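Asks: I'd like to ask you about the structure that follows.
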Amino acid sequence: MWQLVSSTALLLLVSAGTQAADVPKAVVVLEPKWNRVLTMDSVTLKCQGDHLLRDNYTWLHNGRPISNQISTYIIKNASIKNSGEYRCQTDQSKLSDPVQLEVHTGWLLLQVPRLVFQEGELIQLKCHSWKNTPVRNVQYFQNGRGKKFFYNNSEYHIPAATSEHNGSYFCRGIIGKKNESSEAVNIIIQGSSLPSTSLLLSHWPQIPFSLVMALLFAVDTGLYFAVQRDLRSSMGNLKNSKVIWSQGS
């Protein structure tokens, strides 16, 4: 009886754990994908997550609610005050991880999707100009050395990142008759030998589930062998027992 109650309790624990794990996080997506923009740029943030047709969306900027209840939040003319951390949530999903938006001033800005990459990943760099003003003779630099030159402004792609791509990057180009340069950004390349923290965290609900299932299997297996042992013992006692007949019976 105790084993049956324990198995039932464990099954209820598994059910509750899987239901909690089934609620996904919402995700904030930037369009365009760059999280570093210039003043007057337009930026669209999209909240992706499980939702019903009439669900409301909750947006937070630096922890404060935004009066926006739809899936997209549009910044038409970005200013410094739009910089900061953005998060979103739907009625059917948990609060998203934060996405950082940086609004800068200047003629040129080196844009990159993020500053930390894993070995083997694609790195995309863009020399972005204020109000998309035409730029020519664009050159990308790493640690002060020229790496790529374009007569017309183009993105610079590094197909597979290695440790050699660690360092400080900036771009330079001619706008009108002036030679302009962007501020430098530091890019870090991490080794790929160990899984990332986010990858480990994404699988954490499966770990206790696996342990509980293994425990259930062990309990059931133990009960099976215990019953088999008792049956063999009973059969053996029956065979070895002597039956005494009395004439009067």
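Heads up, the Cβ atoms here are built off N, Cα and C, so glycines get one too.
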Asks: Have a look at Swiss-Prot and say which candidate in C47, C127 forms the disulphide with C88.
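Replies: Within the candidate set C47, C127, Swiss-Prot assigns the bond with C88 to C47.
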Asks: Among the disulfide-bonded residues listed here, C47, C88, whose Cβ has the fewest other Cβ atoms inside 10 Å?
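Replies: Each of the disulfide-bonded residues C47, C88 was scored; lowest Cβ tally within 10 Å is C47.
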Asks: Can you check which residue among the glycosylation sites N56, N166, N179 has the largest number of Cβ atoms within 10 Å of its own?
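Replies: The most densely surrounded of these glycosylation sites is N166.
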Asks: I need the CA-to-CA distance for C171 (disulfide bond) versus N56 (N-linked glycosylation site), whole Å please.
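Replies: Taking the Cα atoms only, C171 (disulfide bond) lies 42 Å from N56 (N-linked glycosylation site).
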Asks: Could you give me three numbers for the domain 'Ig-like C2-type 1' (24-104), the DSSP helix, strand and coil residue counts?
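Replies: Here the numbers are 3 helix, 41 strand, 37 coil.
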Asks: Over the span of the topological domain 'Cytoplasmic' (228-249), how high is the average pLDDT in this prediction?
Replies: 48
